[in-house]
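Student: Here it is, the structure, as structure tokens.
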Amino acid sequence: MANLEESFPRGGTRKIHKPEKAFQQSVEQDNLFDISTEEGSTKRKKSQKGPAKTKKLKIEKRESSKSAREKFEILSVESLCEGMRILGCVKEVNELELVISLPNGLQGFVQVTEICDAYTKKLNEQVTQEQPLKDLLHLPELFSPGMLVRCVVSSLGITDRGKKSVKLSLNPKNVNRVLSAEALKPGMLLTGTVSSLEDHGYLVDIGVDGTRAFLPLLKAQEYIRQKNKGAKLKVGQYLNCIVEKVKGNGGVVSLSVGHSEVSTAIATEQQSWNLNNLLPGLVVKAQVQKVTPFGLTLNFLTFFTGVVDFMHLDPKKAGTYFSNQAVRNAGESLEPGRPRLHHLSDSKNVFNPEAFKPGNTHKCRIIDYSQMDELALLSLRTSIIEAQYLRYHDIEPGAVVKGTVLTIKSYGMLVKVGEQMRGLVPPMHLADILMKNPEKKYHIGDEVKCRVLLCDPEAKKLMMTLKKTLIESKLPVITCYADAKPGLQTHGFIIRVKDYGCIVKFYNNVQGLVPKHELSTEYIPDPERVFYTGQVVKVVVLNCEPSKERMLLSFKLSSDPEPKKEPAGHSQKKGKAINTGQLVDVKVLEKTKDGLEVAVLPHNIRAFLPTSHLSDHVANGPLLHHWLQAGDILHRVLCLSQSEGRVLLCRKPALVSTVEGGQDPKNFSEIHPGMLLIGFVKSIKDYGVFIQFPSGLSGLAPKAIMSDKFVTSTSDHFVEGQTVAAKVTNVDEEKQRMLLSLRLSDCGLGDLAITSLLLLNQCLEELQGVRSLMSNRDSVLIQTLAEMTPGMFLDLVVREVLEDGSVVFSGGPVPDLVLKASRYHRAGQEVESGQKKKVVILNVDLLKLEVHVSLHQDLVNRKARKLRKGSEHQAVVQHLEKSFAIASLVETGHLAAFSLTSHLNDTFRFDSEKLQVGQGVSLTLKTTEPGVTGLLLAVEGPAAKRTMRPTRKDSETVDEDEEVDPALTVGTIKKHTLSIGDMVTGTVKSIKPTHVVVTLEDGIIGCIHASHILDDVPEGTSPTTKLKVGKTVTARVIGGRDMKTFKYLPISHPRFVRTIPELSVRPSELEDGHTALNTHSVSPVEKIKQYQAGQTVTCFLKKYNVVKKWLEVEIAPDIRGRIPLLLTSLSFKVLKHPDKKFRVGQALRATVVGPDSSKTFLCLSLTGTHKLEEGEVAMGRVVKVTPNEGLTVSFPFGKIGTVSIFHMSDSYSETPLEDFVPQKVVRCYILSTADNVLTLSLRSSRTNPETKSKVEDPEINSIQDIKEGQLLRGYVGSIQPHGVFFRLGPSVVGLARYSHVSQHSPSKKTLYNKHLPEGKLLTARVLRLNHQKNLVELSFLPGDTGKPDVLSASLEGQLTKQEERKTEAEERDQKGEKKNQKRNEKKNQKGQEEVEMPSKEEQQPQKPQAQKRGGQECRESGSEQERVSKKPKKAGLSEEDDSLVDVYYREGKEEAEETNVLPKEKQTKPAEAPRLQLSSGFAWNVGLDSLTPALPPLAESSDSEEDEKPHQATIKKSKKERELEKQKAEKELSRIEEALMDPGRQPESADDFDRLVLSSPNSSILWLQYMAFHLQATEIEKARAVAERALKTISFREEQEKLNVWVALLNLENMYGSQESLTKVFERAVQYNEPLKVFLHLADIYAKSEKFQEAGELYNRMLKRFRQEKAVWIKYGAFLLRRSQAAASHRVLQRALECLPSKEHVDVIAKFAQLEFQLGDAERAKAIFENTLSTYPKRTDVWSVYIDMTIKHGSQKDVRDIFERVIHLSLAPKRMKFFFKRYLDYEKQHGTEKDVQAVKAKALEYVEAKSSVLED
């Protein structure tokens, strides 16, 4: 029952809640309510909570104490309802809302828009203008706390956190809605707001409809003076007014706001207040009716009853009220505090009523004050009593507070700090650094410790930081400018970095500037690159002006203010800090990208050791970092600096020793110019490098004094972290700056040799340390690598030779080991995989885990020889590392290491100064035993003693790396005074294959070339062996060769005195009278020109180049030659192993062929042939094998020749080309060189005539070589209608008529194709010769040849079956064939006359079929291959296997021949190469297959079933059968002829293409394929030429075909040409074609090749030139949308509509909308369509496109909506039918059966509606 009553309250309890005189409406209905007290005793009568000054109407007949308590129950949120009018008191005034205190501790909020309509209007104006209005006051100026206001509940909501929130309105329209104009009476107290200022007063909005309220200026004067401080009233000001006069039935009301009148106003009966319009806040006289402990019941205004609850009684008189006492309700004051129920205890369930008895004492905390009740609100909850902060006012900036994470948003993290308090941590303050994903670190509900940055209690704004450094900082905080005393050090954070310095912020919005010069001790030109926003920094205050709120700061801290408090390490133990400059031992904790995190022992203080500080050697840092592991201990590590609790360490030996030796100045006062200091590169700038020293001081080395060399880029010379020596040049103590020099000339560190050795020793020791780290690892591979040292020998197996000539080996001590020899270290040896080789280790790369080895013989065969310390040796550089090189001593082959630098700063080398592998150097040994490193230690002599490897021109770089004779590199710095022609005496020092090195007087080195030892050199001997080491020789100086370029220098050349004298000991040149000496120098190129082709020269073999396959020889010291392998010998044995036949140094007689392409070498030949002429024998290489044709062979120097199958051998074979593959070497006889084409023969009777081998098949070159009756072998050419063409020689073809082919004559000619494939070897007898007509008639019959029948006897069985199977269709065929036969016979007669045709025409039928069909496999060639491979297969392939689809067409015939097609017969027209329609730019990357025209497919006639059944016996055939068979055979032959002319055949050469384009000159696809063919071979010029030919050839009527070629040419120029060539082609194309098409094509080409800028420019040109063409606008729009430039596309549409005629507008708009759908924003596209269709609703085409697009891109709902709209349009029935049909189709496809039925129903409805209209 109770529940029912709550849902549907009974009787007259329609309660309009008006606390504070919010009256309950009541009608005196006697017994209606009586039962309710009993029945509804459980019901809480929420409506009767009566707040102060509220007189609630009561009807009471019966009462108990319980009901009495219920009557006086106080107001709660639950009892409020929308529309209730309440008196409130302003508690807080904010910018945009008022907080109103309501009775009984409740509170509500009034939004700024709920003051009055006039005020809201003004606010809107301000927002529109975007600038403040002068006469608009803010809320804090209109309202003040403590003001009483009448309000109405506008809404009740629930906040995000589940609290109920009461929204109120002060708008008079809402508050006074209950009053009507008629009800207004003088003396009434109303509230209103000023709505406007008039001349004589103010218009006041009192919210009563139809009433104008006016406040005269006179009446307002007192109020303005007393309450408004003399200021005029403003719009929105809240007033309590008394109605003075009422005119015109309430139409006009005059008001007064006098204080005395308002305060004495009392509501009287005369004002006729009734229950509906009673307002809160009225003062009434009332009589006490009843007194209870819970309050009073009062009677007032005659009819009304109200209640006063105990909270609103005057406490002093609380016990003295009695019935019938007259009271006046005024604002009584009541002081006791009142805790809410949920504030009695922390736990929800432990409320114990017994504890709260009168007289008990409790500890409580005031949490709020209710102005309306004049009551303090208390809390007894322990958590609140003990809470740190209760209000925003309690929180001070700089305080550390704890909170709970509420949520993480993009604008920061919200943290709950107290009951009602939340603070924001901005993104910048979530950590010391900027966090990308804070949600990974902080989770909702986490406890966090924050520091308050700013607290504004008025705005309830709390900003906090989570930066660890700020929270943990022990330094004093700055919360106001007065706190900032000069010299104070504190932490702040950077909020802005500008070029003039950094702005640092502290707490409470206090901020200061760090000027640029105070940013660092060193000059920082660009602070934005060094500092970042949000960075926590430690600053010192320089000065502060609190009045101006200005503060100057510095990052340069003089000294730590409180070193004891400053944490040096995270786990620092009781003041066990480490000091800067201290040496410590550290333990590696973990590796990071930039270095090692370590713990300083023994106290485990965390520190960081950067990679660059692990070593003085730049390359060793990463190496040590790679191999050090967590747990490793490093000794003697230097503490460089400590800041912000981070200790920075350094392990550079140079810095450690500096600090130990006390040579490191601690402050600026100790530094003076001229000091030499050791430091490291801190940062590199364009203008110089900053150097830091161990004490933390730093200076700048400007670019000018950074190096003795010219500095282009500072970063080329030094790297960050590098150790350097610096000399102080300038000190500015005031600014604490110094300038440094890093020049080697300024920073000498003593003897270069000693420094060099020291650096090398240190580097190798570190590498040894790395090896010991590696040997502790578990991996066997790593341990093995650690044990490997340079100089060790290994026996390895070659795994592979790489393209660059280097060799990879396997077979090392462990399987996965990578061992490599570079091309240089292969030493020119010929190696093959699987070969075993002995190698020597040069170096082990400990980072890449690779071993570098060498095959050089003098290294592998080291000589054991005693070495002296300090002795000087010539050496050859074998391997280069970053900081040292490994070289081998020339005499012994020992490996020695020497440092590449002799100073810490000596790091930059120009390219010309860099050492190269193979270069000669002079070394002074410092140790004589290899030691653990495996290397001798040495120091390099002066750079002048270096000898270069000969530098070559690019054209020569193909040559294998040449080894320089190290002996020639000795003493080259010694000047000599020799001149050409001088006689000298010297001692032979060493002998090399092609030269001898001689030591002359004064230690000068000379050289005698092998060509200058003997006058006549016998072939095969080595002249250098005539001289012995140590022998004294007399020689004549014949020239001087420069060591760098290896060229002769003229005697007048300034460098001549530094050359190597070239000597001669030839007896003829030693004679006194010898004067033919060359005193001027001729370049080798000039000398080479003096040699004539065919001339014989003597040359000396230097080496065999395995890669390039040629012998390298020297004719004279400066003239080199090459002998290609194929010109070295005619013997295959020699060519296979040239190294066995030719010895290095051997003299060879060679014939000059001519200079090679680079003009720096002579090309020579040892075979005596220098020119390929008729009758010569030469060696060549097979390039291509053409089936049934022969070979293409290439010779050195680019000559090409062909070999026919008749010249393969003296004896023909079934498979003449079987043994030939490309790259095979063949010995060829040159038959002819006519027309620059070499015709060759491989017959041994030609190439080796002396062997006199038997010639089984003689050469037949013409009909003259044939005699009648002769038996000859040859190859089947082709099957023709009148017989078989039989090839007897390269250009001789005979004919065997069918009667002479076989004893059986099958009716199906396919059997001939099958059993006589092209290229089949047969024997034939010559029957007749006709020399005049060049005819040869042959016979294959067994009777003539003595060989078995060419067609097997098993064919007979097939023939009878064929007879039986004959159909009418075949008979019809025969009639057609007879016509053809007559035609063929005529043709045959012509054909017979032309049998002997050595011209190209005759080659046509001979060409292999497979080739002509574009490589497609046809059945004939299939069976031919079966025959060739002699494998027993089925006689033929079944129809299913026959995948070939061929099309035949015959030129020159009037009508097409019928082709027998299974299962149906079809007439096929002669096919013509189709036209190519290119809608867009032609893409060159498309495969040619995809461009092949699709032609009508035709099957072949097939007899696979018959073919598969072998025949048992031969049956005699009747004449008729034979006739039929003959016709069939002829038809088959004609079909084969057709096949040869098949246009579907893929062309393979330029000739093929020429033939094709001749037959179809107007087909652009053929021309384009021809161009593509050239482009595949990257022959751009040829492709251009083809395009030009095409443009000339294609008929002028074929505009599209021509355009296709132009487009292709544009494509070609775009991809391969220049911008200039493209522009030229484009301009021509525009002249010859429709310009618009060309423009559009070029734009497409640009867009596809991503040249967007050019495309954009072209479109702009087009828009000017073709502005009336809508295609251009649409294309441009699409182009922009594809580039995601939607805004630009929208502008293009606007421009298009301005330029195009209006009739085009709809189409263009629709097109742009389509483009938006496809490429842009679908919503915008819809908007465009909707807009267009609203203007043109009957454009069905636009509707149709819209529907299509929505189906494609929209949802089903969208599609259905559009259909629904369309079918309700009033269009023609025909069009409506179209849309209904589309709708139906759509629903059938996407909808359910129900949807389909619905559409049908709608269609029916439409039809009925139409018909009814017609009937009407």
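In case you wondered, yes, glycine gets a Cβ from its N, Cα and C as well.
What TrEMBL shows for this protein is this:
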type	residues	note
COMPBIAS	43-59	compositional bias 'Basic residues'
COMPBIAS	1361-1404	compositional bias 'Basic and acidic residues'
COMPBIAS	1414-1429	compositional bias 'Basic and acidic residues'
COMPBIAS	1520-1531	compositional bias 'Basic and acidic residues'
DOMAIN	83-171	domain 'S1 motif'
DOMAIN	187-258	domain 'S1 motif'
DOMAIN	281-381	domain 'S1 motif'
DOMAIN	398-467	domain 'S1 motif'
DOMAIN	487-556	domain 'S1 motif'
DOMAIN	581-652	domain 'S1 motif'
DOMAIN	674-743	domain 'S1 motif'
DOMAIN	981-1054	domain 'S1 motif'
DOMAIN	1094-1167	domain 'S1 motif'
DOMAIN	1175-1243	domain 'S1 motif'
DOMAIN	1269-1341	domain 'S1 motif'
REGION	1-62	region 'Disordered'
REGION	1339-1476	region 'Disordered'
REGION	1494-1531	region 'Disordered'
Student: Roughly where does the domain 'S1 motif' (581-652) sit in mean pLDDT, to the nearest integer?
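Tutor: Averaged over the domain 'S1 motif' (581-652), the predicted model reaches a pLDDT of 89.
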Student: By DSSP, how many residues in the domain 'S1 motif' (1269-1341) are helix, how many strand, and how many coil?
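Tutor: Its residues divide into 9 helix, 38 strand, 26 coil.
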Student: DSSP helix, strand and coil counts for the domain 'S1 motif' (674-743)?
Tutor: 7 helix, 35 strand, 28 coil
Student: In the domain 'S1 motif' (1175-1243), how many residues does DSSP call helix, how many strand, and how many coil?
Tutor: 9 helix, 32 strand, 28 coil
Student: Are the domain 'S1 motif' (398-467) and the domain 'S1 motif' (487-556) close enough to be called in contact, which here means at least 3 C-beta pairs under 8 A that are separated by 6 or more residues?
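Tutor: By the criterion, they touch.
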Student: Where, among 83-171, 187-258, 674-743, do we find the most CB pairs under 8 A to the domain 'S1 motif' (487-556)?
Tutor: 674-743
